[in-house]
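Trainee: So Swiss-Prot says this about it:
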- Cys347, Cys407, Cys410: [4Fe-4S] cluster binding site (BINDING)
Amino acid sequence: MAKTLYEKLFDTHVVYEAENETPLLYIDRHLVHEVTSPQAFDGLRAHGRPVRQPGKTFATMDHNVSTQTKDINACGEMARIQMQELIKNCKEFGVELYDLNHPYQGIVHVMGPEQGVTLPGMTIVCGDSHTATHGAFGALAFGIGTSEVEHVLATQTLKQGRAKTMKIEVQGKAAPGITAKDIVLAIIGKTGSAGGTGHVVEFCGEAIRDLSMEGRMTLCNMAIEMGAKAGLVAPDETTFNYVKGRLHAPKGKDFDDAVAYWKTLQTDEGATFDTVVTLQAEEISPQVTWGTNPGQVISVNDNIPDPASFADPVERALAEKALAYMGLKPGIPLTEVAIDKVFIGSCTNSRIEDLRAAAEIAKGRKVAPGVQALVVPGSGPVKAQAEAEGLDKIFIEAGFEWRLPGCSMCLAMNNDRLNPGERCASTSNRNFEGRQGRGGRTHLVSPAMAAAAAVTGHFADIRNIK
């Protein structure tokens with residue numbers, strides 16, 4: 001029987017499946033951070049259980065770390081306690097930890113791939129909703145809750161029901177300057193923020209194959225923003241070339257054997273999907289969200305939509321509420337909307353290619369008066385590479401703030417946040433009410449678009465910036 005990539009990944013990891021019961025899956029990699037793990041480790045301690053396979057668990061600090069200092073006390077008592085607990089727990093249970101002073105420290109979904117912890121064909125979990133990022137490698141990766149974190153630590157398994165399957169095909173080639181962020185925002189604009197609910201999405205088509213691994217990570221990172229359980233891109237030569245030589249990747253003959261297996265991780269011809277969505281890449285322009293969910297998105301050259309234009313009464317009501325929160329009026333050109341802050345970072349867009357794209361726009365320009373612009377690399381290695389390439393100097397000379405790695409303003413758990421009423425062009429993944437700070441107004445964009453907003457003071461089409 002012909003199988004989809006998701007079905008192959010799921011079936012090869014079933015440890016046990018009783019009739020009419022939820023299958024038990026083996027978990028190859030477990031990524032841990034300071035926010036969703038303390039209670040899980042406490043649960044192990046209370047029952048006298050060890051971590052079953054500590055060599056398959058990797059920890060880092062990211063969610064509430066300061067991006068201005070490596071001082072563990074910088075972001076308040078709760079952050080300090082969570083980080084101290086992670087240090088204690090990793091030491092006690094034998095888990096590898098990339099702490100604030102480790103050169104590999106960074107956002108968990110940046111650290112995993114760059115260290116070769118993430119590999120094709122794996123099951124990967126983390127107590128974080130954007131674990132879908134790792135699906136870019138042809139791995140089944142999804143976020144879990146704290147009680148499930150404890151279950152994986154204790155057993156290296158997890159009960160998981162089968163999801164429905166969705167194919168999203170982006171046909172043709174994207175225009176110059178159109179990034180993975182624009183593609184995924186256009187997809188979510190078409191499906192809506194709940195269009196993928198109950199599904200695992202496989203992204204395919206020429207425009208997807210053309211993406212680098214970093215672009216594919218951006219794409220899969222936001223699968224969750226259309227309601228999907230996970231996102232997948234089938235592994236190919238781009239994948240294998242990225243993985244080769246990384247710290248935890250197989251070496252020598254083991255790598256060759258792995259590639260031979262990884263090449264089988266494709267959807268079979270004739271396999272059927274429950275849902276199919278198709279987009280034309282050449283029709284996608286630079287995208288900007290205008291509302292309070294990622295599906296409320298338009299082209300940078302469009303006007304703010306009129307809620308009255310929505311046929312669905314639920315969508316109409318959501319649009320009215322979103323415009324009121326965002327302080328926007330229907331019919332205004334998006335390019336006339338001024339911004340207060342810019343955030344370039346997050347597990348969506350903080351890798352070296354993202355920083356290069358932003359620096360290309362920033363070079364030789366200045367941040368507009370009254371705008372605060374932050375650039376937060378996704379990890380220590382990304383920061384080091386950017387500095388080796390001189391990107392930090394480009395940003396600093398343009399008036400951007402060059403920060404230490406962490407999740408930062410994506411979710412405002414540290415000191416990087418919006419004040420009430422402030423408007424931000426952000427490369428992150430969520431524009432919910434209050435996501436970047438109480439009363440803050442978030443517009444999701446690509447790194448180049450964020451840099452363009454920083455230097456012009458408003459949203460601008462990067463295709464017009466020479």
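Any Cβ shown, glycine's included, is placed from N, Cα and C.
Could you place the listed features in the three-dimensional structure?
Mentor: DSSP assigns Cys407 ([4Fe-4S] cluster binding site) to coil in the three-state reduction, placing it in neither a helix nor a strand. Sequence-distant neighbours of Cys407 ([4Fe-4S] cluster binding site) (same chain, 6+ residues apart, CB-CB distance under 8 A): Asp62, His63, Asn64, Val65, Ile107, Gly345, Ser346, Cys347, Met413, Asn414.
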Trainee: List, in sequence order, the residues of the same chain other than Cys347, Cys407, Cys410 whose Cβ lies within 8 Å of the centroid of the Cβ atoms of the recorded [4Fe-4S] cluster site.
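Mentor: Other same-chain residues with Cβ inside the cutoff are Asp62, His63, Ile107, His109, His130, Gly345, Ser346, Thr348, Ser350, Gly406, Ser408, Leu411, Ser428, Asn429.
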Trainee: Just jot down the residues in the same chain as Cys410 ([4Fe-4S] cluster binding site), at least 6 apart in sequence, with C-beta under 8 A of its C-beta; none if empty.
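Mentor: The list for Cys410 ([4Fe-4S] cluster binding site) reads Phe343, Gly345, Ser346, Cys347, Thr348, Ser426, Ser428, Asn429, Arg430, Arg435, Gln436, given in order along the sequence.
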Trainee: Please classify the secondary structure at Cys347 ([4Fe-4S] cluster binding site) using three-state DSSP.
Mentor: coil
